[in-house]
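Peer 1: Please find one structure pasted underneath; my questions will follow.
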Amino acid sequence: MASKPEKRVASSVFITLAPPRRDVAVAEEVRQAVCEARRGRPWEAPAPMKTPEAGLAGRPSPWTTPGRAAATVPAAPMQLFNGGCPPPPPVLDGEDVLPDLDLLPPPPPPPPVLLPSEEEAPAPMGASLIADLEQLHLSPPPPPPQAPAEGPSVQPGPLRPMEEELPPPPAEPVEKGASTDICAFCHKTVSPRELAVEAMKRQYHAQCFTCRTCRRQLAGQSFYQKDGRPLCEPCYQDTLERCGKCGEVVRDHIIRALGQAFHPSCFTCVTCARCIGDESFALGSQNEVYCLDDFYRKFAPVCSICENPIIPRDGKDAFKIECMGRNFHENCYRCEDCRILLSVEPTDQGCYPLNNHLFCKPCHVKRSAAGCC
């Protein structure tokens, strides 16, 4: 071969043949350009070079997995018989170096900056896009980072016992028009359609509200109550006490004395006929009722000295002293000679009578010695 490079036409492209050293330099320049392009756009695949084996590289090999390009090992440069080297691969211009953009899939979108909302989940990557990236020897981009869902924190609630208090059973509905009133006599329900009588804070059937003695109907009539039992007027009067003097029924005020009942107008003094009422009274020998004044005037003893009745004075009790068959006031029981008060006890200060006269002991001795009363 001559030192001057020769020009040949292949596939309508001008190819300049260069020595092997220049081939290494050109390959190194192409590799650096591809690396710089990859640094600038990491998501784009490196542009494949158009070589005679390009048409075969695009076809899948029967021994490789579909969807993944088979890796080819470049063959060693074939040596010629004249000791030279085969011509270097043709140098492609800028238009041939770049791949056909129509044949490549669109580049994947850059990872989103904003995090997806909780409601919108990220859409899964299409299977066709992943297959295309695998053919270009590129790994699919990692899925965008997802923020942990900030849902409401679930905390274990307090344990509840297995047996809970059951709610009270619902009250049975009362039938409309039904009555809950009970007759106090027959203990049966009083229907709203029946005649009823309300008395003594109770409910009665009209036919059940009768006198408990003579069974007389009392509905609409006056009645009396005794021990919680309704009575008609005649039966009620029969239960009342009668006056011990006139024998009539005591209806209003009553005075009880001597085990009997009296009208106030019938309980009077037998001497002056004055109503005694709630005053003290005295009884005669035949249980006659006397006021105190008439009783003392009639039955009180009379003092043998002052000849006045011995009766209480000014609310004070009066005591009578009996001696020799005579009655004396305490103040009138004295010695007839020296007028000293005599004692009722049998002592030296007591009474020493002589011929129906009252003497003390010294006067009694003196009268007895003189032989006169």
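From the backbone N, Cα and C atoms, a Cβ is placed for every residue, glycine too.
Sharing the features that Swiss-Prot gives for it:
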COMPBIAS  104-114  compositional bias 'Pro residues'
DOMAIN    181-242  domain 'LIM zinc-binding 1'
DOMAIN    243-300  domain 'LIM zinc-binding 2'
DOMAIN    301-370  domain 'LIM zinc-binding 3'
REGION    1-70  region 'Filamin-binding'
REGION    41-119  region 'Disordered'
REGION    135-176  region 'Disordered'
REGION    276-373  region 'FERMT2-binding'
Peer 1: What average pLDDT does the predicted model assign to the region 'Filamin-binding' (1-70)?
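Peer 2: On average, pLDDT over the region 'Filamin-binding' (1-70) sits at 51.
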Peer 1: Looking only at the domain 'LIM zinc-binding 2' (243-300), what are its DSSP counts of helix, strand and coil residues?
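Peer 2: With helix first, then strand, then coil, the domain 'LIM zinc-binding 2' (243-300) has 8 helix, 14 strand, 36 coil.
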Peer 1: Mind tallying the domain 'LIM zinc-binding 3' (301-370) by DSSP state, helix then strand then coil?
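Peer 2: Reading the DSSP string over the domain 'LIM zinc-binding 3' (301-370) gives 10 helix, 18 strand, 42 coil.
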